[in-house]
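Chemist: What TrEMBL records for this protein is below:
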COMPBIAS  1-34  compositional bias 'Polar residues'
REGION    1-100  region 'Disordered'
COMPBIAS  54-68  compositional bias 'Polar residues'
COMPBIAS  69-79  compositional bias 'Basic and acidic residues'
COMPBIAS  80-100  compositional bias 'Polar residues'
REGION    223-259  region 'Disordered'
COMPBIAS  234-257  compositional bias 'Polar residues'
DOMAIN    242-331  domain 'Peptidase M10 serralysin C-terminal'
């Protein structure tokens, strides 16, 4: 396995633009097709190309979201958004043990898990899901504030009520009605136990609302929506944390159905050994669009930070075309 160096490429001058339909008929890429890839954003309906398994850490794999996971998460976000209203939040406070309240708490616990937010925010419905998360955050924040005020009001009322009852019981004892005073004290203690239980439920509900609201803060939604958790840098790990992406056939990624690599770093590699063996010819660098089998070209858009790698196949066969989010240089290609 070797890295393609500039001196190993045969360079040719750019050819004048030809008929695009003729190029397509012969299996050659047109500049319009390449430009479309360079200018388009990620295709959230497909799973991005993963690094070779030996290079892929468990954390990286766990951050990937399949279309099925995204679809399931989208439905759940929609259902929760419909369920969560100021009225149901009030019902949750007043009757936390009802079937509806238990359903709401179950959905809030689901939202609180980072992997569920990631699944909802990585896919074609990410924008709509984020809007619903933000709207739910407003409802949760208002509910948490109201419940916190109710907690303080309950505390104040209980303190005032039992201060009065304790004074009343003490005065009764001094008046010689000790048995009656102790009876009233027992009743007060039983009542206090019920109030404490109610307060505990209020506090638990408040924490659920508050914690879920915190999990929907902008910084956490931004982190969940990020394409993947960046691997530790070389300075953090003490070694180069590069990844290798291998391809065995030119048909693995075409202009009609291109694969995507996201978060490509300068030390990462594209292993094209399999394609070179399949084509049975050395890969050769050209500055114009590839035409003959084995010719390879890399185009990069600095504005979009997107690279497109194209390799010509045999005449009439679609060329290999790979879209990479990051800059691909000649030194990143291995054969």
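Numbers run from 1 along the shown chain.
Cβ coordinates are placed from backbone N, Cα and C, and glycine is handled just like the others.
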Chemist: Across the domain 'Peptidase M10 serralysin C-terminal' (242-331), what does the mean pLDDT come to, as a whole number?
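Modeler: 93, rounded to a whole number.
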Chemist: Could you break down the residues of the compositional bias 'Basic and acidic residues' (69-79) into DSSP helix, strand and coil, giving a count for each?
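Modeler: Here the numbers are 11 helix, 0 strand, 0 coil.
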Chemist: From the DSSP assignment alone, can you count helix, strand and coil residues within the compositional bias 'Polar residues' (80-100)?
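Modeler: Across the compositional bias 'Polar residues' (80-100), the residues distribute as 15 helix, 0 strand, 6 coil.
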